[in-house]
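Participant: This is the structure I want to talk about, given as structure tokens.
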Amino acid sequence: MSLFYVVALLSTFFALMTIFTKNPVHSVLYLVITFFTFTVHYILLNAQFLAVVNFIVYMGAIMVLFLFVLMLLNMNEDVEPMKSTLVKVMAVIAGCCLFVTVCGALHLFDTQTPLIEKDPSIGLVKNLGQVLFKEFLLPFELSSLLLLTAMVGAVLLAKKEPKRI
Amino acid sequence: MELSFVIEKFILVTIVFIVSLVVAMYSTLAERKIAGFMQDRYGPDRAGIFGLLQPLCDGGKFFFKEEIIPSGAHKTLFIIGPTIAIITACISSAVIPWGQELTIGERVISLQVADVNVGILYMFGVIALGVYGIMLGGWASNNKFSLMGAIRAASQSISYEIAMGLSIIALLMVTQSLSLKDIVAQQSGFVNWNIWVQPLGFIIFIVCAFAECNRVPFDLPECETELVGGYHTEYSSMKLGLYMFSEYINMFVSSALMASLYFGGYNFPFMNDLGLSPNWITILGVLAFFLKIFAFIFFFMWIRWTLPRFRYDQLMKLGWKMLIPLAIANIVLTGVITVLKDLYF
């Protein structure tokens with residue numbers, strides 16, 4: 001339990017650093033460390049497979065692509081575009097809404113009864129696969145459809161317009 | 001956790017660490033010797049007999065050279081870059097089973113540092129992390145050529161990771177386990193090696209391994225004619241040494257991975273018919289495993305002096321348009337064969 005608090009503190013710290021750093025590349029690097037602490041959280045929750053997949057997909061692929069784009073754009077404090085007041089106001093309102101939602105969720109959360117894990121091997125690949133393909137087949141297939149749609153969209157956007165003769 | 005367990009693992013980790021460093025050191029010599037052999041010349045032969053002390057001299061030279069951090073560079077990230085590269089290279093060997101169990105007195109010692117039940121995925125994660133070392137180093141140098149080299153390296157390894165992962169999925173369909181220990185234990189003897197059931201998967205895997213290690217013919221990240229030195233243009237002394245060292249350690253680890261996934265790891269033909277005691281079989285198994293690893297390292301070097309390099313667009317085309325469809329076809333084929341085998345045999 002004490003390990004959880006240490007890791008949670010680190011996650012919060014690095015998440016805050018992500019927001020408050022001026023340099024976009026540093027910001028992404030802090031985000032990478034935040035994701036790493038999430039991986040540790042998953043391991044603490046006995047979900048090894050999820051931990052490793054989070055590690056590979058988020059840290060190893062998505063964040064590298066983020067870093068990629070930021071390095072190519074080469075943004076820094078000097079060329080940071082000025083945001084209009086309207087955007088700032090909207091961001092504040094959206095942030096407040098999120099805060100209220102989180103507070104409400106925390107309020108409803110029952111912290112009295114301790115959560116007992118029934119099966120410690122639930123996070124293994126075999127059990128996860130069984131659950132995904134039996135109990136949650138429909139949501140699983142729907143989300144794969146969603147991913148496929150996004151992929152087709154991305155390919156379509158990346159494709160060059162054919163030259164008309 | 002008892003103390004003897006900790007001591008045992010500590011000794012094992014130390015041995016693995018030293019062995020991978022020594023192998024990486026002597027890979028540099030082997031590379032030059034093999035280059036010499038293939039080009040009909042001697043190669044380094046001045047330091048020690050057969051040039052055996054050459055790696056030590058190179059190491060000493062790396063340490064004593066002046067360390068330069070360019071004034072425009074981002075200092076912290078410039079140092080973190082090679083650090084990540086060498087750390088990820090060294091920790092990836094943790095899940096490789098180097099041999100079976102050794103029995104000393106009452107104790108049974110497993111020759112694997114950590115039997116993680118998602119061992120292969122752990123390897124993939126660590127390999128994916130290695131990209132950060134190159135990218136950070138390249139970006140922090142504040143040099144156009146370094147940045148271009150870093151971006152080339154990163155996009156190359158991301159592209160080939162996909163094909164590599166897909167080729168592994170077909171293998172996992174056969175082995176039914178993600179733990180490297182189980183996968184190697186299944187391949188006892190000679191006929192059970194995974195290469196016989198996954199030949200196409202192995203070819204895809206080895207091509208991707210070449211690309212992941214930035215070896216010829218995929219060594220585009222460093223290119224004298226276009227990019228000066230690639231991502232390590234601005235690096236000097238031991239920081240450059242660490243980048244090069246991590247490359248050789250990666251080569252060693254990927255050879256070990258290929259040997260244990262497809263070529264039976266520590267298993268060798270007729271191992272159960274020799275009538276030797278289990279300890280001797282384990283020792284012979286470790287030797288057989290290293291023989292396989294060295295064969296793969298030799299293969300890496302052989303290719304280097306045989307094939308010319310690709311152009312960058314050809315490299316991307318090969319990765320995305322050839323290897324990924326082939327790997328998917330391999331998965332489908334494996335699935336169909338598995339089902340047919342269940343139905344009819």
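Every residue number used here counts from 1 along the chain in the order it is shown.
Cβ atoms here come from the backbone N, Cα and C positions, even for glycine.
So TrEMBL lists these for the protein:
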type	residues	note
TRANSMEM	B:6-29	transmembrane segment
TRANSMEM	B:77-99	transmembrane segment
TRANSMEM	B:119-139	transmembrane segment
TRANSMEM	B:160-178	transmembrane segment
TRANSMEM	B:190-211	transmembrane segment
TRANSMEM	B:248-268	transmembrane segment
TRANSMEM	B:280-303	transmembrane segment
TRANSMEM	B:323-340	transmembrane segment
Participant: Any chance you could find the range in B:6-29, B:77-99, B:119-139, B:160-178, B:190-211 with the most Cβ pairs under 8 Å to the transmembrane segment (B:323-340)?
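Facilitator: Answer, by Cβ pair count: B:160-178.
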Participant: Determine which residues of the chain contact the transmembrane segment (B:248-268) at the Cβ level, with the cut-off under 8 Å and only residues 6 or more beyond its ends counted.
Facilitator: 20-21, 23-25, 27-28, 86, 89-90, 92-93, 96-100, 120, 123, 127, 130, 168, 171, 180, 183-184, 187-190, 192-195, 198, 201-202, 205-206, 209, 212-213, 215, 282, 284-286, 288-289, 292-294, 296-297, 300
Participant: For the transmembrane segment (B:280-303), which recorded stretch in the set B:6-29, B:119-139, B:160-178 gives the largest number of Cβ pairs separated by under 8 Å?
Facilitator: B:6-29
